[in-house]
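Taken verbatim from TrEMBL:
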- 1-23: region 'Disordered' (REGION)
- 42-181: domain 'Potassium channel inwardly rectifying transmembrane' (DOMAIN)
- 78-102: transmembrane segment (TRANSMEM)
- 152-176: transmembrane segment (TRANSMEM)
- 188-358: domain 'Inward rectifier potassium channel C-terminal' (DOMAIN)
- 379-413: region 'Disordered' (REGION)
- 381-402: compositional bias 'Basic and acidic residues' (COMPBIAS)
Amino acid sequence: MEQDVESPVTIRQPKLPKQAREDLPKQLVDKERAKNKIQRYVRKDGKCNVHHGNVRETYRYLTDLFTTLVDLKWGLNLFIFILVYTVTWLFFGFMWWLIAYIRGDLEHIGDSQWTPCVNNLNGFVSAFLFSIETETTIGYGYRVITDQCPEGILLLLVQSVLGSIVNAFMVGCMFVKISQPKKRAETLVFSTSAVISMRDGRLCLMFRVGDLRNSHIVEASIRAKLIKSKQTKEGEFIPLNQTDMNVGYDTGDDRLFLVSPLIICHEINQHSPFWEISKAHLAKEELEIVVILEGMVEATGMTCQARSSYVTSEIKWGYRFMPVLTLEDGFYEVDYNSFHDVFETNTPTCSARELAEMTARARLPLTWSVASKLNQQAPLDMEKEWPEKGGHVGEDQTERNGDIGNLESESKV
């Protein structure tokens, strides 16, 4: 009986172009990086990476119209600025032309016996120019309102009042937008990375801040928050939970005299969210540290806020910042070329909790350790002797105590 023999079939892979074959490893690496990339809550430039969607109550933006206009981008803000003035000029220009048309001034152009509402107004263009002159109080003197037109006088009052309101609103909006201290925050710099190392015998997380301008920030203060999702004991999941990190609030170290770059220190103690995080554990964590620097601009007195953040990959364990301040002839010089530089230093890789426990054990006296060991061993010995002596441990203990009492009395004699 013949058996069917299956011949091996080779499936040819489609031959990729040379460019695709070369880019394939790169694409895999990019996908792996994108997979491991942590989504920032606050970007390095301080802008919050949060977008508001499905906002149904859009009317709330109109209730605070001034702030809405200030928050708009410059291009849209300038467009609205020009549009508002142009619309008001065209509207009142049309009203001046309508008065002249109803009164019949346009039919008596050049008639010296006719007293028009506005002299030398002969069409819509001249009415539009007269509207601009009235609202901007230019007053060239060629077109002027007469006293024989009560409706024109009333329109002049309305345009003057409404023009002043438009000027106050739009000029005030532009002034506030120009004087906003957002650009002042561009000269407040944060180090590109945070470091964890030992300081005064304690494990600390540190980052550096600096001010590039000679005009200082008044009443500067620093805050730090840990952004990390958590799950409560009841099973509730809280995304992007915010936890305060103490950077000197108790001691006043969070109040900064920011004349030269300063290193902000967060001591990792039992109240710190990094208390039980080791170097190996940190690499697996998905967290973000948001730092906020606030103060008043010395030149304008307006409050300024600068922000930045550090994700897990930007927290370097076992490093320290390079010094940037040197003493020159009669002054101190700051070298901003080394502002972001760090160098490696000896740092324990264990968590702060484990480090505290090892330090506490190392400080225990030897006598206390021996006594504690004996106290722990005594009950065990008694348990071993109990079944062997059939419950006579108490009597044996009494006999031992009596022997010890006899020895003490003999030694006194």
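Placement of Cβ uses the backbone N, Cα and C atoms for every residue, glycine included.
Listed as Cβ neighbours of the transmembrane segment (152-176) (distance under 8 Å, sequence separation of 6 or more from its ends, same chain) are residues 66, 69-70, 77, 81, 84-85, 88, 92, 95-96, 99, 117-118, 131, 134-136, 145-146. Mean pLDDT of the predicted structure over the domain 'Inward rectifier potassium channel C-terminal' (188-358): 92. Look at the domain 'Potassium channel inwardly rectifying transmembrane' (42-181): DSSP puts its residues at 87 helix, 4 strand, 49 coil.
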